[in-house]
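Undergrad: Here it is, the structure, as structure tokens.
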């Protein structure tokens, strides 16, 4: 019988304990709110619902058949892909709380996550209300931001936005007299991602992220562009496996960023394959590449802060299909596990302000939960969680509650170091230096049943 929990509100929760504190810390919270636990970041809960613990069985003799349905261009419908619907946690009687919408503060740059355009068209019948906006100056990576410019739109019709700030466009529209829009790949809180042809590069296909004409998203996109430009300076050839920005420009108030077309994310391929884990050889290859890319970031004093399977994309997600007689079903085997690391919207340099809360919940390090300060090691923790998920097919820490999350860590790794328990401001989670956790409660039984000690 699922236990009922009162819906928590982060507007008057984690960062303060009474109305006076609430008013005093409002400004700080607006900048450092736990946006990663917002509905946007919880939108995959349905897709990560509790799955039967299983190890992948390689003993069955597979029958192979070639399959190219996941070609790069087609698979890019999932490029930087999040389903924007709320995904209910598999214990859906509670949520972690109502936190600010994704991107509510300019210190966090926009993620490249999107929602399937098919879901968008089927999910709402509301006609977008158009609004004409003041034609802003347009500039690009080839132009100093202080200079004004054109930004052609085909026959130069008036640029229009819908009521949410999305650019209204049609297939065939031209941006910057260079990028011809082909179709919508997806959309998210930040804006939309479209497939387009680069007319200056022989009609090469690119993914173009078009940010909403909203100040907070525009400023956030500029932060991401800054990180991407600095990474490109350090790695012109793309040797270190971080996605490279091909171009950027401001199209009448819409920041636009062009990327190479890539395949499915590590998570989307896993989901589409019914959560059958990757082979050990693939786990090794993916993990090596991930560590290689993250080490490059760390050597350049940069912490990614949002490592997760959704932010690791295969260069090409083509696969072979074979029949597994033991499971009596068809399964997919990835042909090539070469990858790129994406989404530098929340990447933070060592000298920059460090938000209190970073990382998506399932991959969040204990020092972040306990607000002890963080640096590059929080990425290393996330990598460990990702490797576990690749090998087993399920999430290591499936929770949305801080204390429960800490209890899961203790169940798997042993007691929290005493120095961390004494140093944290989150003393409400501890009693005399140990986690205040009732193992006999329903939550305690859940943790005991779903987590196993490593030793």
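Each Cβ is built from the backbone N, Cα and C atoms, and glycine gets one as well.
Unlike curated entries, TrEMBL annotations are predicted automatically.
Quick caveat, the model's predicted, so the values are computed rather than measured.
Taken from TrEMBL, the feature ATP binding site covers 209. TrEMBL lists 1-10, 76-90, 122-137 with the feature compositional bias 'Basic residues'. Marked as compositional bias 'Basic and acidic residues' by TrEMBL: 11-23, 37-57. Per TrEMBL, the feature compositional bias 'Polar residues' maps to 61-74. Annotation comment: TrEMBL describes 179-455 as domain 'Protein kinase'. The annotation region 'Disordered' is assigned in TrEMBL to 1-162.
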Undergrad: Work out the three-state DSSP category of residue 209 (ATP binding site).
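TA: Strand, per DSSP.
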Undergrad: Averaged over the domain 'Protein kinase' (179-455), what pLDDT does the prediction give?
TA: 95
Undergrad: Relative to the Cβ position of residue 209 (ATP binding site), how many further Cβ atoms are located within 10 Å?
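TA: Around residue 209 (ATP binding site), other Cβ atoms within 10 Å: 28.
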